[in-house]
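Colleague: Here it is, the structure, as structure tokens.
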Amino acid sequence: MRIRVSYLLVLCFTLIWFRWTVVYSSFSDLDALLKLKESMKGAKAKHHALEDWKFSTSLSAHCSFSGVTCDQNLRVVALNVTLVPLFGHLPPEIGLLEKLENLTISMNNLTDQLPSDLASLTSLKVLNISHNLFSGQFPGNITVGMTELEALDAYDNSFSGPLPEEIVKLEKLKYLHLAGNYFSGTIPESYSEFQSLEFLGLNANSLTGRVPESLAKLKTLKELHLGYSNAYEGGIPPAFGSMENLRLLEMANCNLTGEIPPSLGNLTKLHSLFVQMNNLTGTIPPELSSMMSLMSLDLSINDLTGEIPESFSKLKNLTLMNFFQNKFRGSLPSFIGDLPNLETLQVWENNFSFVLPHNLGGNGRFLYFDVTKNHLTGLIPPDLCKSGRLKTFIITDNFFRGPIPKGIGECRSLTKIRVANNFLDGPVPPGVFQLPSVTITELSNNRLNGELPSVISGESLGTLTLSNNLFTGKIPAAMKNLRALQSLSLDANEFIGEIPGGVFEIPMLTKVNISGNNLTGPIPTTITHRASLTAVDLSRNNLAGEVPKGMKNLMDLSILNLSRNEISGPVPDEIRFMTSLTTLDLSSNNFTGTVPTGGQFLVFNYDKTFAGNPNLCFPHRASCPSVLYDSLRKTRAKTARVRAIVIGIALATAVLLVAVTVHVVRKRRLHRAQAWKLTAFQRLEIKAEDVVECLKEENIIGKGGAGIVYRGSMPNGTDVAIKRLVGQGSGRNDYGFRAEIETLGKIRHRNIMRLLGYVSNKDTNLLLYEYMPNGSLGEWLHGAKGGHLRWEMRYKIAVEAARGLCYMHHDCSPLIIHRDVKSNNILLDADFEAHVADFGLAKFLYDPGASQSMSSIAGSYGYIAPEYAYTLKVDEKSDVYSFGVVLLELIIGRKPVGEFGDGVDIVGWVNKTMSELSQPSDTALVLAVVDPRLSGYPLTSVIHMFNIAMMCVKEMGPARPTMREVVHMLTNPPQSNTSTQDLINL
């Protein structure tokens, strides 16, 4: 009896203890989760993030939290918190979840170092911390006790230092992804000791040294990613040919040299080989044809030579062949047309010659076809779009002849048609002008002929280029149906008739070139309604009538060419208000009257802009040739005696006019010093007449909507930059101008171009600046010298320009908003120190007395913040956006507009590029966009500036940093090894 009672007591005690243990453990996990929520959310997290994670007295409440899975004992065994997003850090309390088997906290914004308490999670099978901002060295020691770990994913973080070696001892580890970080040094030899590894990702780091041949010992490995931004020495290890289970080998963009090892042909299970963007040489080994499973082969952007091996006809599974930008030669083998699964063939920029295989595309699978810049001849294969799925058809810069195949006009899947610079002839299939998805149709520089179809449509077409062909007939009125069209080029053809007014009703149209045709009739009045226009060229036609009234509505127009027509009437006075117009050509027409003066007319060279108009009078000239000519013509009807008298009077008058002119010129020179007044903001040993004498055509160093800039060499040996302002200013009598310019003259900062003074008379204002002998940043980035501007210099210029803007926004009195930040307004002195220029002028250049208006000038195309479109206001965050565009220019080396397709600016292009990456990360994106002219740059530094740039160009102004914050970020880059081991050599 006593034994039974004792047994019951022990049983009750055990049950109570177990129940207490469950309760304690349950509440312990609840407390840990609540601590995690508090730490991981961060200040920037949205209110609803993890909102269901709340305290409760229920033992199982935490098991119903989003992303939480419990076992039968109410212990947390899985935590999956993905894409919340979170902005805090991972706290030490994570170690309390000791039964955790799966920790997945990917795609958030968690920062700081990983806590050492992770070492307590000895039951972990999956640790996924990818797509966060964790930093510091990866603490490999935390994995020592994780003997069950099968997958470790730390992709796309900010870990630095050497690769962790402790993880090699994890016998069950199958998946290791450390790509997209800042790991440096060499790949440890010990990485060949993994026993079960199937996936190894070390790409997109800063690794150097040789790729260890010993990695070939990883016999279970199926995927090996080693490329992208790593900078190895040597080439592909031949021993890799023994990795019999390998399915994917990626070693792209990692500075590989040497030849492709023939031993890779032994990888019979390999389906993808990516070795593009390296320095590989030699020919393609025929042995690669033994890779019977191969589907994707990318050898692009190397220095490979020779021909495509005939043995590649065995590769029946090939879907992708990227061979572009090499030195391959010979013909494209006929077997390529027989590959049953081929979808992508891109071989542009090689030396391929002869004809294309006639059956190319006959497999019914083609998606992408690009053979640009080769020496290919013959006819275009007729079945390229047999699949009905072809997206790109690009054969530019070859020697193709014959017609465009009818099938291209029926290929509704196409997005790009580019056949320029060939010898194509015959009419264009009408369907080409009705494809719904095409964004660019480029047929220029061929011998295409016939009339354009009367039915034209295409809801996606943004660029239509038919230049330099033999097209005839009228321009179809249906052209107006192209509602997405931004650029229209019909120049150098044989079009006749009038320009359809509907052309200028296309809502997004920015560029029109219809020059060099046989067009007649007037310029359509609808042109004045298309405010989006930036360039119009109607020259070399037979257009007549007057220039339509209302041209001043085209405030974004920068180029207008109406030369070599029969246009008559006066030169429109309203052109003076077209402040963006920097190129105007009205030469060789029948304009009459007097050329207007002032405003934007000060930008133009009269002798070139208005040449060849015999009845046009120029201002400030002694006589008007047309008037004198008409007078003489009428006198011919009179008697010889009267004619002689008139001629005598005319000659006497001419002599008198010459004498008067000489007298006036001498008088003007005598009184020039009295007509101009110099106001100096520091001691200047120059006179007003010294400045005025420099206003000569040969001294012009720049033109823009704000005025003309001259280089002035003063008698004392100093050089100054003289800016002649264009606008409605009233010279020295404009007291608003004087007050504001004198305020600007007091600004002193080493990174702001100093205003030395100004010279004015009653009509004109001349601003005097320090002369910057090295020109503008824009000239260095986008001119011939761009490749010589190394990364260190670019970063230095960014810091200095940021400091100048920061001073204007935060420390200047009064505070100044620049309103036209761009690379051309960042000037470089003799020591290449950056100086911000043209600050604060926009608010009074065009509207004297309205200097409080913040919307009189929005900036320059490509730099304008998006909010201007609906607020018509600018503030300091608008400057920040523009500066972000400048930072992108420094990184990418391309202009903000004009190089990414019509209607796409540099910000939109970067975002589009990011969306197209298969594995998006800062590293991958930077490598995809970085200026190819740069060599040997520290990747960490480029990524750091790129991240700052993307913060600056955020769509909403309040989300952008201040310039003070920008300076702080630029001057405090992340700590990294900046030795040559951290350099990427492209």
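The backbone N, Cα and C atoms fix where each Cβ goes, and this holds for glycine too.
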Colleague: Which of the listed positions, Asn561, Asn774, Asn911, does Swiss-Prot note as N-linked glycosylation site?
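Modeller: Swiss-Prot records N-linked glycosylation site at Asn561.
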Colleague: Test of record reading: of Asn128, Asn716, which one does Swiss-Prot tag as N-linked glycosylation site?
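Modeller: In Swiss-Prot, Asn128 carries the N-linked glycosylation site label; others show none in the record.
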Colleague: By the record in Swiss-Prot, which of Asn351, Asn977 is the one labelled N-linked glycosylation site?
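Modeller: Swiss-Prot records N-linked glycosylation site at Asn351.
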Colleague: Is the repeat 'LRR 10' (316-339) packed against any residues at least 6 beyond its ends, judged by a Cβ distance under 8 Å, and which are they?
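Modeller: Contacts with the repeat 'LRR 10' (316-339): 271, 276, 292-308, 310, 345-363, 365, 370-371, 376, 381.
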Colleague: Select the closest residue to Asn351 (N-linked glycosylation site) from the following recorded positions, measuring between CA atoms: Asn102, Asn128, Asn266, Asp820.
Modeller: Asn266
Colleague: Between Asn128 (N-linked glycosylation site) and Asp820 (active site, proton acceptor), how far is it from one CA atom to the other, in Å?
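Modeller: About 45 Å separates the two Cα atoms.
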Colleague: Counting only residues 6+ apart in the same chain, whose Cβ is under 8 Å from the Cβ of Asn518 (N-linked glycosylation site)?
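Modeller: Glu494, Phe495, Ile496, Asn541, Asn542 - these are the non-local Cβ neighbours of Asn518 (N-linked glycosylation site), listed in sequence order.
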Colleague: May I ask for the residues of the chain that lie six or more residues beyond the repeat 'LRR 16' (459-482) and have a Cβ under 8 Å from a Cβ within it?
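Modeller: Cβ under 8 Å, 6 or more out: 415, 420, 435-453, 488-500, 502-503, 505-506, 508, 513-514, 519, 901-903.
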Colleague: Rounded to an integer, what is the Cα-Cα distance in Å between Asn279 (N-linked glycosylation site) and Asn141 (N-linked glycosylation site)?
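Modeller: Cα-Cα distance, Asn279 (N-linked glycosylation site) to Asn141 (N-linked glycosylation site): 38 Å.
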Colleague: For Asn109 (N-linked glycosylation site), identify the closest of the glycosylation sites Asn80, Asn255, Asn590, judging by Cα separation.
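Modeller: That would be Asn80, nearest by Cα distance.
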Colleague: Let me know how many other Cβ atoms fall within 10 Å of the Cβ of Asn128 (N-linked glycosylation site).
Modeller: 20
Colleague: Which of the three DSSP-derived classes (helix, strand, coil) applies to Asn590 (N-linked glycosylation site)?
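Modeller: In the DSSP reduction, Asn590 (N-linked glycosylation site) maps to strand.
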